[in-house]
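Asks: One structure, as structure tokens, below. Some questions next.
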Amino acid sequence: MKQKCVLIITDGIGYNKNSKFNAFEAAKKPSYEKLFKEVPNSLLKTSGLAVGLPEGQMGNSEVGHMCIGSGRIIYQNLVRINKAIENKELEKNENLKKLLAKCKRVHIIGLYSDGGVHSMDTHFKAMLEICAKNGNEVFAHAITDGRDVSPKSGLNFIKDLKEFCENLGVHFATLCGRFYAMDRDKRWDRVKEYYECLLGKAYKVPNLLEYLQKSYDENVTDEFIKAAQNENYKGMREEDGIIFINFRNDRMKQLVEVLNSKDFKEFEREKIFENLLTMSVYDDKFKLPVLFEKEKIENTLAQVISKAGLSQLHTAETEKYAHVTFFFNGGKEELLENETRVLIPSPKVKTYDEKPQMSAFEVCDAVKKGIEKGEDFIVVNFANGDMVGHTGDFNATIKAVEAVDTCLGEILECAKKHDYAFIITSDHGNCEAMQDEKGNLLTNHTTFDVFVFVQARGVSKIKDNMGLSNIAASVLKILDLEIPKEMNEALF
């Protein structure tokens with residue numbers, strides 16, 4: 001069976017038997033049609049307990065790539081935090097107790113929705129309650145979502161938060177869309193707007209809930225809400241404590257850097273803050289206390305390949321680069337021996353419906369070069385189905401799928417020419433359900449299964465009831481390497 005192998009992750013493309021508002025079904029996709037006819041294929045589970053999330057919880061890119069790259073189900077921070085709240089362990093956390101003892105005033109910052117991708121509203125409320133009951137003066141800073149949940153669901157979430165704050169005696173201080181507060185692509189002008197809001201220098205309003213409704217009236221949805229503050233909020237003081245409740249790291253790193261880093265040079269800052277506490281490890285370079293330390297994941301797919309002396313290439317465009325490197329490698333930043341990484345910049349557009357092909361063709365070229373060079377293993381992510389799917393633009397998402405299909409055709413032709421095996425799958429769904437029955441836009445991930453295709457010598461059938469955690473062992477089997485005991489079985 002021994003063959004070199006390409007693993008292609010088509011982000012956000014899932015299987016939905018309903019063809020209505022299904023951008024995958026609506027797209028012209030000759031490469032996929034060929035795959036369905038000629039290559040062994042099946043469906044994989046990408047949500048809930050199959051990827052270490054609560055039952056019924058949609059999967060996401062971080063969880064999906066970690067599951068694929070580690071070859072096992074890792075119980076995610078969302079599940080760990082839920083358990084810590086249920087059994088009252090969170091309030092006993094030593095780092096939390098230290099911060100609350102040191103700082104009279106405490107600010108809670110995070111994405112406020114039940115999307116479960118970056119955060120959970122229940123975690124936000126639990127933290128507000130712990131801090132308020134401890135006697136601290138508490139300020140809530142809600143970031144509106146509209147991406148992992150529907151675009152105007154924020155009104156109900158923020159109404160809920162406002163009432164919760166009033167009942168607890170907590171200040172509801174600021175409101176801002178994730179487009180600004182949670183940028184991850186070094187668009188510092190966006191983060192600066194939110195930083196200034198936290199300092200009390202933003203647009204002042206008497207009622208943040210009414211401000212949100214007014215934004216809707218002006219066709220601005222949750223993701224894009226401009227930073228605003230309650231008129232009574234006077235801003236953060238340098239001695240205040242700041243707690244970040246997002247458990248996913250990639251969209252909080254820039255904000256933490258702005259608030260805390262002494263070496264930050266992107267724009268002038270009036271204040272920097274020392275008393276920060278993050279829900280999880282956002283970046284090893286931040287020497288900050290955390291509530292939930294990361295679990296050590298050993299014997300990942302990338303590690304096994306590296307230890308065997310084989311070469312590997314990891315490539316994606318900016319939006320998904322962290323997923324094929326940090327998350328795929330089990331939450332480790334360091335480059336492994338014989339590992340090459342190729343980052344393709346994502347296009348500089350406001351939203352990706354403006355350029356649905358994104359940088360897919362450049363990513364495709366990087367893969368073909370890797371095959372021609374003879375890399376033993378290549379992992380690539382095509383971001384289009386997910387990132388354009390998040391915009392809610394159906395026609396643009398059809399074009400996104402068609403761009404991915406074109407790239408698949410080119411890669412598979414190149415793979416065949418150089419005798420490479422390939423596995424194609426997705427980390428989760430998105431573009432296959434763009435509206436609900438009532439015609440409301442769906443911009444979030446789905447809980448649908450995803451396709452998997454395996455073309456390798458000796459493989460004629462894929463086992464039933466498999467998941468993302470079965471892919472790593474499959475790659476090792478193709479490469480003829482020993483499968484570590486920590487990994488789940490192969491797909492075939």
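Placed from the backbone N, Cα and C atoms, the Cβ positions cover glycine too.
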Asks: Just to be sure I read the record right: Asp11, Asp427, His428 are listed as binding Mn(2+) 2 in Swiss-Prot. Which of Ser61, Ser70, Ser359, Ser474 is listed for the same site?
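Replies: According to Swiss-Prot, the candidate sharing the Mn(2+) 2 site with Asp11, Asp427, His428 is Ser61.
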Asks: Please pick, from Arg178, Arg237, the residue that Swiss-Prot records in the substrate site together with His118, Arg147, Asp148, Arg184, Arg248, Asn249, Asp250, Arg251, Lys320.
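Replies: According to Swiss-Prot, the candidate sharing the substrate site with His118, Arg147, Asp148, Arg184, Arg248, Asn249, Asp250, Arg251, Lys320 is Arg178.
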Asks: Taking Swiss-Prot at its word that Asp386, His390 bind Mn(2+) 1, choose the one of His418, His445 listed for that site.
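Replies: The one candidate that Swiss-Prot places in that Mn(2+) 1 site: His445.
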Asks: What Cα-Cα separation, expressed in whole Å, is found between Asn249 (substrate binding site) and His390 (Mn(2+) 1 binding site)?
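Replies: Cα to Cα, Asn249 (substrate binding site) and His390 (Mn(2+) 1 binding site) are separated by 19 Å.
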Asks: With Asp386 (Mn(2+) 1 binding site) as the reference Cα, tell me which of the binding-site residues Asp11, His118, Asp148, His428 is the closest one.
Replies: Asp11
Asks: Excluding Asp11, Ser61, Asp427, His428 themselves, which residues in that chain have a Cβ inside 8 Å of the centre of the Cβ atoms defining the Mn(2+) 2 site?
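Replies: For the Mn(2+) 2 site the neighbour list reads Ile9, Gly12, Thr46, Gly59, Asn60, Gly64, His65, Lys320, His323, Asn381, Asp386, Ser426, Asn430, His445.
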Asks: Where Asp11 (Mn(2+) 2 binding site) and Ser61 (active site, phosphoserine intermediate) are concerned, what is their Cα separation in Å, rounded?
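Replies: Here the two Cα atoms lie 8 Å apart.
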Asks: Which one is it: of the recorded positions Ser61, His390, Asp427, His428, whose Cα lies the shortest distance from the Cα of Asp148 (substrate binding site)?
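Replies: Closest by Cα distance to Asp148 (substrate binding site) among the recorded positions Ser61, His390, Asp427, His428: His390.
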Asks: Using DSSP, would you call His445 (Mn(2+) 1 binding site) helix, strand or coil?
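Replies: Assignment for His445 (Mn(2+) 1 binding site) reads coil.
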Asks: Considering the binding-site residues Asp11, Asp148, which residue's Cβ sits among the greatest number of other Cβ atoms within 10 Å?
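Replies: Answer returned by the neighbour count: Asp11.
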